[in-house]
Amino acid sequence: MCLSGVDYFSTLGYQPAIAALAAGLLSPLATIVLVLLTLFGALPVYRRVARESFNGSGSIAMLEHLLPWWAGKVFVLVLLGFAATDFMLTMTLSAADAAAHAIENPFAPDWLEGGRILLTLSLIAMLAVVFLKGFHEAIGIAVVLVAAYLALNLIVIAVSLVHISQNSIVITNWWTALTAQHGNPIVMVGIALLVFPKLALGLSGFETGVAVMPQIAGAHSDTPERPARRIRDGIRLLTTAAGVMSIFLIASSIVTTFLIPQEEFMTGGAANGRALAFLAHEYLGEGFGTVYDIVTICILWFAGASAMAGLLNLVPRYLPRYGMAPQWARAVRPLVLVFTGIAFVITIAFEADVDAQGGAYATGVLVLITSASVAVTISAMKRRQRTAIFGFAVITLVFVYTTILNIIERPEGIRVAGLFILGILLLSAVSRIFRSFQIRATKVTFDAKALEFIQNDARNGTVRIVAHESHGGGRHEYQDKNAAERRFSHIRLFANESVYR
């Protein structure tokens, strides 16, 4: 839970401020809508993903297997573009927000004030150095960071709630301002339904949750085909993380909206990108606030590490296997340098602005969750589960609406994703073109037994020979290869046909 939590829970560093900036005084209501979508939309979807894609591949692998070969390939390549948007902006936005926490700390030197971009780039560079040297003991670090961060947030929120209870006038002031702006509760709910897609950053972490499932210990009775205990504990992980995050999201939106003046959330304001840190300094003193800043900077930086690990897991798994990337794309260090360079470009393009990157990040998150919803809907259709089909279809429509609304409101997300998709497709096309001119074998020699097989089959019609590099898996390995080639190429197995090795 902590491995996925460095991505999911770390969004508390900037989510309340982004929510307040996007929804204003309606932030608590919009956050409640987001939490309902989390618990009754994203969570059921990813509980199903955990059951069917338990090896850490997530919803992208589900779609790859559920769709026909080339349709599945193209769909995966497009989704990789959005996944890259999600992970890259996790790195850059987290680093930018970590820099904001450092700069706004009262003990920070004055020269940091004008160096937000440079500080953000430095944090990303440090991340690259760590991965170039090797990334170990991640679970232990994640447990410490997440436990400390949640404990500090719990203290800040609890103290803030006590302050609200002792100064109930802030609730009256909030409600008065809210009714003055929006008139009646029905209008408020309607506006909350329209603005909540801007808060979609609070949905991040589900894909990471299923990605870390291989780290969950299984039972002795588990089989590779059906690791029942891993699946059960993976579902428990997702449910627990979603429940904990939902409580923190609602509580943080309430205390930040009630206690922080709206102008402080604006660009240049003391609470911009760091609402809970603002309250930590305000009500618990500069010492506690500085400790909060340090832990927040660490978990945000580590969230970038989680995103880098996600990229290093995705790209080598798909592109080289499709023959759509050079072989060096399987190696870690070249990819780290490529991703770091892209992160530098994104940071400079967005000027290390947390709010500016929020919309693009939300687009990546929403598209991945929408694709997961589509995957589980198709899965339910193949199994003819009528209740599940209806439920997941409704969830899919809600996420499609949310995604479209987010794209219309913040089009920079689709632009960034479009650049990634274009880059992946161009790289894939160029790689395939070059591979088509490569000589992979100049001669094939058959022994006597192989020639006998071929000659016997030639009398019955077409002979299809599939090249396969053996990995010592025995007969089952060849049966799996045969089944895969037939599925991808739509080749039937006739009654008189045999498979030889």
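A Cβ is built for glycine as well, from the same backbone N, Cα and C atoms used for every other residue.
Model, not experiment: these values are computed from the prediction.
For reference, TrEMBL has these:
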type: TRANSMEM; residues: 17-46; note: transmembrane segment
type: TRANSMEM; residues: 114-132; note: transmembrane segment
type: TRANSMEM; residues: 139-162; note: transmembrane segment
type: TRANSMEM; residues: 174-196; note: transmembrane segment
type: TRANSMEM; residues: 237-260; note: transmembrane segment
type: TRANSMEM; residues: 294-315; note: transmembrane segment
type: TRANSMEM; residues: 335-352; note: transmembrane segment
type: TRANSMEM; residues: 358-381; note: transmembrane segment
type: TRANSMEM; residues: 388-408; note: transmembrane segment
type: TRANSMEM; residues: 414-434; note: transmembrane segment
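Counted as Cβ pairs under 8 Å, contacts with the transmembrane segment (139-162) are highest for 294-315 among 17-46, 114-132, 174-196, 294-315, 414-434.
The transmembrane segment (174-196) is in contact with the transmembrane segment (17-46), judged by 3+ CB-CB distances under 8 Å for residue pairs 6 or more apart in sequence. Fewer than three CB pairs closer than 8 A are found between the transmembrane segment (294-315) and the transmembrane segment (358-381), and contact between the two stretches is not assigned (pairs 6 or more residues apart). Two recorded stretches are said to be in contact when at least 3 C-beta pairs lie under 8 angstroms, sequence spacing 6 or more; the transmembrane segment (358-381) and the transmembrane segment (114-132) fall short of this definition. A contact between the transmembrane segment (17-46) and the transmembrane segment (414-434) is absent, since fewer than 3 of their C-beta pairs, 6 or more residues apart, lie under 8 Å.
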